[in-house]
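**Student:** Below is one structure. I have some questions about it.
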Ligand code: ADE
Ligand code: ZN
């Protein structure tokens, strides 16, 4: 069994595998602009974040009913369990569904039906994080938070995703303030394609507790010092960075340098159906390509639980951390 780990950067819509997409398309009478799963997979060649997002949002057309969202989450959890995931904090993009006429309640009820039985079925505890699309307006984000109010018992936090450049964090100051007042935790994508300044802004203006990606902090030594000092976790997604051409090759990934600098980094899959692997595959890829030793992998697994929003269940966090310390690395998948 792979090392126990938490996954903290995972878009549930990004787990939609071609086979499930075609099955849901048939069930819902949706025609996809691809002949079959091979042709769809063949379209997974991205030049940047936007080229991926165009396909990602397009394929969501097959997600229509609560049962579709339940099936999507079940499929993810089953794969995640096989890769050692014990806790998952899962993003979803309500605006990508409400814009197509799928009510937010359908999305949340559908996902919840899967997450509620996740522990019993897959041995995975879960949290849900609702993301705002940063290329939509601040008003739309506020309306989304308002629409989510009947479901706040299912939502742990808010996040910010989609096209980064030109949509700085400060655009969402008001909705993050409102989310904080409702007791929601705060994260945001920053420094994926956007500059290190967006990471500072996410911390200073939005008050985020964790930064998604944060890769480009490495261009700003003072910012690195601050992230180390304040123990701000970064949720890295190595295979995503290669597929979206944020870095040229995996060998160029700064993960090792970030660990050496003392940053609290975690490894995650982002959109595993599109980027060539789930979280364990990301662990294996960085182990192989960056020459990580077992103690590096243990640190990454430990960090994943330290960075998770388990403050409401410290007993569970302690149990997971003990599993990490007791784990013996062999030759198998990490
Ligand atoms: N939505 C899904 N995946 C994303 C990513 N890697 N960056 C920004 N928004 C996303
Ligand atoms: Zn992401």
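Glycine is treated like the rest: Cβ placed from N, Cα and C.
TrEMBL lists 4-317 with the feature domain 'Adenosine deaminase'. Look at TrEMBL and you will find 9, 11, 189, 270 tagged as Zn(2+) binding site. Residues or ranges marked as active site, proton donor in TrEMBL: 192. The site 'Important for catalytic activity' annotation in TrEMBL covers 213. Per TrEMBL, substrate binding site is recorded for 271.
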**Student:** Calculate the distance in Å between the alpha carbons (Cα) of residue 189 (Zn(2+) binding site) and residue 271 (substrate binding site), and round it to a whole number.
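**Tutor:** Cα of residue 189 (Zn(2+) binding site) to Cα of residue 271 (substrate binding site) measures 14 Å after rounding.
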**Student:** List which of the recorded positions 9, 11, 192, 213 have their Cα within 10 Å of the Cα of the residue listed as 'substrate binding site', in sequence order.
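**Tutor:** Those close enough are 9, 11.
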**Student:** Just the number: how many Å between the Cα atoms of residue 9 (Zn(2+) binding site) and residue 213 (site 'Important for catalytic activity')?
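**Tutor:** If we compare the Cα positions of residue 9 (Zn(2+) binding site) and residue 213 (site 'Important for catalytic activity'), the gap is 9 Å.
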**Student:** Anything from the recorded positions 192, 213, 270, 271 with its Cβ under 6 A from ligand 2? List those in sequence order.
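**Tutor:** Checked recorded positions vs ligand 2; flagged 270.
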**Student:** Of 9, 11, 189, 213, 270, 271, which recorded positions come close to ligand 1, meaning Cβ under 6 Å from one of its atoms?
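**Tutor:** Among the recorded positions listed, those whose Cβ sits under 6 Å from ligand 1 are 11, 189, 270, 271.
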**Student:** Which one of these binding-site residues, 270, 271, has the sparsest Cβ neighbourhood, judged by other Cβ atoms within 10 angstroms?
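**Tutor:** Relative to the other binding-site residues in 270, 271, 271 has the fewest Cβ atoms within 10 Å.
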**Student:** Long-range same-chain neighbours of residue 11 (Zn(2+) binding site), Cβ under 8 Å, sequence gap at least 6?
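**Tutor:** Result: 91, 92, 93, 131, 161, 270, 271.
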**Student:** Excluding 9, 11, 189, 270, please set out which residues of the same chain place their CB within 8 Å of the center of the CB atoms of the Zn(2+) site, keeping sequence order.
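**Tutor:** Once 9, 11, 189, 270 are set aside, the remaining close residues are 10, 14, 91, 161, 212, 213, 235, 237, 240, 268, 271.
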